[in-house]
Amino acid sequence: MVILETPRVFLIASWGSEAVISAFTDALYRGVPWEEAVKAQAPDVIIKRISAFYRQGHWSVFEFMGAQFLVECSRACHTQFIRHRMASYWSESQRYVDYTKREIRFVVPKGFPADLLKRAYEDYARLREGFRPEYARMILPNATAVLFAVQMNARELLLNFAPLRCAYAAQAEIRHVCWQMFAHAWRLWPNLARLVWEDLPSLHRDFCTKVPRGEDCRLYAIKDAEEKHGPLPETPWLSALVHG
(Lines of atoms letter the chains of each structure in order from A and count residues from 1; the text may use other names and numbers.)
(Lines give C-alpha, C1' and ligand atoms only; values in the text may rest on other atoms or scores of the structure.)
Protein backbone atom coordinates (compact mmCIF):
# COMPACT_ATOMS: atom_id res chain seq x y z
CA MET A 1 0.00 0.00 0.00
CA VAL A 2 1.39 3.39 -1.03
CA ILE A 3 0.03 6.74 0.09
CA LEU A 4 0.86 9.69 -2.17
CA GLU A 5 0.35 13.37 -1.48
CA THR A 6 1.11 14.57 -4.98
CA PRO A 7 -0.91 13.60 -8.07
CA ARG A 8 1.27 12.90 -11.09
CA VAL A 9 1.11 14.08 -14.70
CA PHE A 10 3.32 12.69 -17.47
CA LEU A 11 3.46 14.18 -20.97
CA ILE A 12 3.36 11.24 -23.41
CA ALA A 13 3.12 12.87 -26.83
CA SER A 14 1.90 15.97 -28.63
CA TRP A 15 0.74 16.96 -32.07
CA GLY A 16 0.76 20.19 -34.04
CA SER A 17 2.62 23.32 -33.01
CA GLU A 18 2.36 27.08 -33.10
CA ALA A 19 4.67 27.02 -36.13
CA VAL A 20 2.32 24.63 -37.96
CA ILE A 21 -0.67 26.87 -37.26
CA SER A 22 1.28 29.85 -38.57
CA ALA A 23 2.25 27.85 -41.67
CA PHE A 24 -1.40 26.97 -42.29
CA THR A 25 -2.05 30.71 -42.50
CA ASP A 26 0.35 31.06 -45.43
CA ALA A 27 -0.88 27.89 -47.14
CA LEU A 28 -4.60 28.59 -46.78
CA TYR A 29 -4.72 32.36 -47.28
CA ARG A 30 -1.69 33.14 -49.41
CA GLY A 31 -1.38 30.07 -51.60
CA VAL A 32 2.14 29.32 -50.42
CA PRO A 33 3.16 25.69 -51.09
CA TRP A 34 3.17 23.73 -47.84
CA GLU A 35 6.87 22.86 -47.97
CA GLU A 36 7.75 26.54 -48.30
CA ALA A 37 5.23 27.64 -45.69
CA VAL A 38 6.68 25.32 -43.05
CA LYS A 39 10.22 26.57 -43.65
CA ALA A 40 9.28 30.25 -43.64
CA GLN A 41 7.97 30.60 -40.08
CA ALA A 42 10.13 33.14 -38.26
CA PRO A 43 9.62 33.35 -34.47
CA ASP A 44 8.31 36.93 -34.59
CA VAL A 45 5.75 35.96 -37.25
CA ILE A 46 4.55 33.01 -35.18
CA ILE A 47 4.12 35.19 -32.10
CA LYS A 48 2.21 37.82 -34.06
CA ARG A 49 -0.18 35.31 -35.63
CA ILE A 50 -0.86 33.27 -32.48
CA SER A 51 -1.57 36.51 -30.62
CA ALA A 52 -3.89 37.74 -33.38
CA PHE A 53 -5.88 34.49 -33.48
CA TYR A 54 -6.20 34.57 -29.70
CA ARG A 55 -7.18 38.23 -29.37
CA GLN A 56 -9.68 38.01 -32.24
CA GLY A 57 -11.37 34.94 -30.77
CA HIS A 58 -10.41 32.58 -33.61
CA TRP A 59 -9.76 29.82 -31.10
CA SER A 60 -10.75 26.89 -33.33
CA VAL A 61 -7.28 27.00 -34.94
CA PHE A 62 -5.81 25.93 -31.59
CA GLU A 63 -7.58 22.59 -31.98
CA PHE A 64 -4.82 21.69 -34.44
CA MET A 65 -2.46 21.35 -31.48
CA GLY A 66 -2.87 18.89 -28.64
CA ALA A 67 -1.24 16.49 -26.24
CA GLN A 68 -1.55 13.09 -24.59
CA PHE A 69 -0.99 12.75 -20.86
CA LEU A 70 -0.81 9.96 -18.33
CA VAL A 71 -2.35 11.16 -15.06
CA GLU A 72 -2.45 9.53 -11.64
CA CYS A 73 -4.84 11.02 -9.12
CA SER A 74 -7.57 9.91 -6.73
CA ARG A 75 -10.86 8.43 -7.90
CA ALA A 76 -12.56 11.64 -6.73
CA CYS A 77 -10.23 13.74 -8.88
CA HIS A 78 -10.66 11.37 -11.84
CA THR A 79 -14.45 11.71 -11.65
CA GLN A 80 -14.14 15.50 -11.76
CA PHE A 81 -11.66 15.34 -14.63
CA ILE A 82 -13.67 13.18 -17.01
CA ARG A 83 -16.60 15.59 -16.90
CA HIS A 84 -14.64 17.52 -19.52
CA ARG A 85 -16.06 15.72 -22.52
CA MET A 86 -14.00 17.39 -25.28
CA ALA A 87 -11.22 14.90 -24.62
CA SER A 88 -10.47 11.19 -24.97
CA TYR A 89 -9.91 8.95 -21.95
CA TRP A 90 -8.65 5.47 -21.13
CA SER A 91 -8.74 4.66 -17.43
CA GLU A 92 -7.48 2.01 -15.02
CA SER A 93 -10.42 -0.26 -14.17
CA GLN A 94 -11.11 -1.22 -10.58
CA ARG A 95 -13.43 -3.87 -11.98
CA TYR A 96 -10.59 -5.88 -13.49
CA VAL A 97 -7.55 -4.84 -11.46
CA ASP A 98 -6.95 -7.07 -8.44
CA TYR A 99 -5.30 -4.96 -5.75
CA THR A 100 -4.34 -8.04 -3.73
CA LYS A 101 -1.99 -8.93 -6.59
CA ARG A 102 -0.96 -5.41 -7.53
CA GLU A 103 0.13 -2.52 -5.34
CA ILE A 104 -2.75 -0.27 -4.34
CA ARG A 105 -2.13 3.47 -4.19
CA PHE A 106 -3.98 6.33 -2.54
CA VAL A 107 -3.73 10.06 -3.25
CA VAL A 108 -4.69 12.32 -0.36
CA PRO A 109 -3.78 15.80 0.92
CA LYS A 110 -1.17 16.30 3.61
CA GLY A 111 -2.31 15.23 7.06
CA PHE A 112 -4.97 12.78 5.90
CA PRO A 113 -5.34 9.90 8.44
CA ALA A 114 -3.45 6.95 6.94
CA ASP A 115 -5.02 4.45 9.33
CA LEU A 116 -8.40 4.88 7.62
CA LEU A 117 -6.88 3.99 4.25
CA LYS A 118 -5.11 0.97 5.72
CA ARG A 119 -8.38 -0.24 7.19
CA ALA A 120 -10.16 0.20 3.85
CA TYR A 121 -7.53 -1.86 2.07
CA GLU A 122 -7.71 -4.60 4.71
CA ASP A 123 -11.48 -4.73 4.20
CA TYR A 124 -10.93 -4.98 0.44
CA ALA A 125 -8.48 -7.86 0.92
CA ARG A 126 -10.98 -9.71 3.10
CA LEU A 127 -13.72 -9.26 0.53
CA ARG A 128 -11.43 -10.60 -2.20
CA GLU A 129 -11.32 -13.91 -0.36
CA GLY A 130 -14.91 -14.51 -1.41
CA PHE A 131 -15.71 -11.97 -4.13
CA ARG A 132 -14.35 -10.94 -7.51
CA PRO A 133 -12.59 -7.54 -7.84
CA GLU A 134 -15.71 -5.98 -9.38
CA TYR A 135 -17.57 -6.55 -6.08
CA ALA A 136 -14.68 -6.06 -3.66
CA ARG A 137 -13.96 -2.64 -5.21
CA MET A 138 -17.16 -1.26 -3.68
CA ILE A 139 -15.37 -0.91 -0.35
CA LEU A 140 -12.54 1.20 -1.82
CA PRO A 141 -12.54 4.90 -0.89
CA ASN A 142 -12.50 7.85 -3.28
CA ALA A 143 -8.85 8.32 -2.32
CA THR A 144 -7.87 5.22 -4.33
CA ALA A 145 -5.49 6.25 -7.10
CA VAL A 146 -6.54 5.91 -10.72
CA LEU A 147 -4.07 5.95 -13.59
CA PHE A 148 -5.61 7.21 -16.82
CA ALA A 149 -4.62 8.44 -20.25
CA VAL A 150 -6.14 11.64 -21.57
CA GLN A 151 -5.87 13.27 -24.96
CA MET A 152 -6.91 16.91 -25.24
CA ASN A 153 -6.44 19.65 -27.81
CA ALA A 154 -4.85 22.97 -26.88
CA ARG A 155 -8.10 24.91 -27.06
CA GLU A 156 -9.84 22.58 -24.62
CA LEU A 157 -6.86 22.43 -22.28
CA LEU A 158 -5.98 26.11 -22.07
CA LEU A 159 -9.28 27.85 -22.77
CA ASN A 160 -11.81 25.55 -21.09
CA PHE A 161 -10.15 23.14 -18.68
CA ALA A 162 -7.61 25.58 -17.22
CA PRO A 163 -10.01 28.47 -16.46
CA LEU A 164 -12.19 26.01 -14.53
CA ARG A 165 -9.73 23.63 -12.87
CA CYS A 166 -6.74 25.89 -12.24
CA ALA A 167 -9.00 28.21 -10.24
CA TYR A 168 -8.97 28.34 -6.44
CA ALA A 169 -12.62 27.26 -6.39
CA ALA A 170 -11.61 23.88 -7.86
CA GLN A 171 -10.63 21.16 -5.39
CA ALA A 172 -6.91 21.33 -4.57
CA GLU A 173 -5.99 17.97 -6.12
CA ILE A 174 -7.44 18.54 -9.57
CA ARG A 175 -6.10 22.08 -9.38
CA HIS A 176 -2.62 20.64 -8.81
CA VAL A 177 -3.12 18.35 -11.83
CA CYS A 178 -4.33 21.29 -13.92
CA TRP A 179 -1.30 23.43 -13.13
CA GLN A 180 1.02 20.53 -13.96
CA MET A 181 -0.69 20.24 -17.34
CA PHE A 182 -0.49 24.01 -17.79
CA ALA A 183 3.28 23.80 -17.25
CA HIS A 184 3.57 21.16 -19.98
CA ALA A 185 1.43 23.32 -22.27
CA TRP A 186 3.76 26.25 -21.64
CA ARG A 187 6.68 24.23 -23.02
CA LEU A 188 4.67 22.98 -26.01
CA TRP A 189 2.85 26.19 -26.96
CA PRO A 190 4.66 29.01 -25.15
CA ASN A 191 3.05 31.96 -26.89
CA LEU A 192 -0.52 30.77 -26.43
CA ALA A 193 0.14 29.65 -22.86
CA ARG A 194 1.58 33.04 -21.94
CA LEU A 195 -1.48 34.82 -23.39
CA VAL A 196 -3.81 32.54 -21.45
CA TRP A 197 -1.77 33.01 -18.27
CA GLU A 198 -2.20 36.77 -18.55
CA ASP A 199 -5.96 36.49 -19.03
CA LEU A 200 -6.82 33.54 -16.76
CA PRO A 201 -8.63 35.64 -14.12
CA SER A 202 -11.00 36.95 -16.80
CA LEU A 203 -11.52 33.78 -18.87
CA HIS A 204 -14.12 32.45 -16.44
CA ARG A 205 -16.29 34.60 -14.21
CA ASP A 206 -15.67 32.37 -11.17
CA PHE A 207 -11.89 32.13 -11.50
CA CYS A 208 -11.30 34.51 -8.59
CA THR A 209 -14.20 33.28 -6.45
CA LYS A 210 -13.21 32.90 -2.77
CA VAL A 211 -9.83 34.58 -3.33
CA PRO A 212 -9.15 37.41 -0.84
CA ARG A 213 -9.23 40.88 -2.33
CA GLY A 214 -5.82 42.08 -3.42
CA GLU A 215 -4.39 38.60 -4.03
CA ASP A 216 -3.27 37.35 -7.45
CA CYS A 217 -5.94 34.71 -8.15
CA ARG A 218 -3.51 32.48 -10.02
CA LEU A 219 -0.72 32.51 -7.45
CA TYR A 220 -3.17 32.14 -4.58
CA ALA A 221 -4.65 29.03 -6.22
CA ILE A 222 -1.19 27.57 -6.86
CA LYS A 223 0.04 28.23 -3.32
CA ASP A 224 -2.98 26.51 -1.78
CA ALA A 225 -2.63 23.47 -4.06
CA GLU A 226 1.06 23.14 -3.18
CA GLU A 227 0.33 23.43 0.54
CA LYS A 228 -2.07 20.49 0.30
CA HIS A 229 -0.37 18.33 -2.34
CA GLY A 230 3.28 19.33 -2.51
CA PRO A 231 5.33 21.56 -4.84
CA LEU A 232 4.65 21.64 -8.56
CA PRO A 233 7.44 20.03 -10.63
CA GLU A 234 7.60 23.03 -12.98
CA THR A 235 6.53 26.68 -12.69
CA PRO A 236 7.39 28.35 -16.03
CA TRP A 237 4.99 31.25 -15.42
CA LEU A 238 7.35 32.67 -12.81
CA SER A 239 9.55 33.96 -15.64
CA ALA A 240 6.56 35.85 -17.01
CA LEU A 241 6.06 37.51 -13.63
CA VAL A 242 9.72 38.52 -13.48
CA HIS A 243 10.10 39.74 -17.04
CA GLY A 244 6.53 40.94 -17.57
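Positions of Cβ are set from backbone N, Cα and C atoms, glycine also.
Note that the structure is a prediction, hence the values are computed from the model and not measured.
Mean pLDDT across the domain 'ThyX' (7-199) comes to 97 in this model. Residues or ranges marked as domain 'ThyX' in Swiss-Prot: 7-199.
Around Asn160 (FAD binding site), the same-chain residues at least 6 positions away in sequence with a Cβ under 8 Å from its Cβ are His84, Met86. Annotated FAD binding site per Swiss-Prot: Ser60, Arg83, His84, Arg85, Asn153, Ala154, Arg155, Asn160, in sequence order, evidence recorded as sequence analysis.
The dUMP binding site annotation in Swiss-Prot covers Gln80, Phe81, Ile82, Arg83, Ser93, Gln94, Arg95, Arg137, Arg165. Residue density at Ser93 (dUMP binding site): 12 other Cβ atoms are found within 10 A of its Cβ, drawing on all protein chains shown.
According to Swiss-Prot, the feature motif 'ThyX motif' maps to 83-93. Sequence-remote contacts of a segment are chain residues at least 6 beyond its ends whose Cβ falls under 8 Å from one of its Cβ atoms, and for the motif 'ThyX motif' (83-93) they are 146-153, 156, 160-161.
The annotation active site, involved in ionization of N3 of dUMP, leading to its activation is assigned in Swiss-Prot to Arg165 on the grounds of sequence analysis. Following the DSSP three-state reduction, the secondary structure of Arg165 (dUMP binding site) is helix. Counting only same-chain residues at least 6 apart in sequence, those with a Cβ under 8 Å from the Cβ of Arg165 (dUMP binding site) are Gln80, Phe81, Ile174, Arg175, Val177, Cys178.
Arg83 (FAD binding site) sits 17 Å from Ser93 (dUMP binding site), taking the C-alpha atoms as the reference points. In space, Ile82 is the closest of the binding-site residues Ile82, Ser93, Arg95 to Asn153 (FAD binding site), judged by Cα positions. Between the alpha carbons (Cα) of Ser93 (dUMP binding site) and Arg85 (FAD binding site) lies a span of roughly 19 Å. Annotation note: Arg95 (dUMP binding site) sits in a coil segment as assigned by DSSP. Between the binding-site residues Ile82, Ala154, Ala154 has the most other Cβ atoms inside 10 Å of its own Cβ, all protein chains included.
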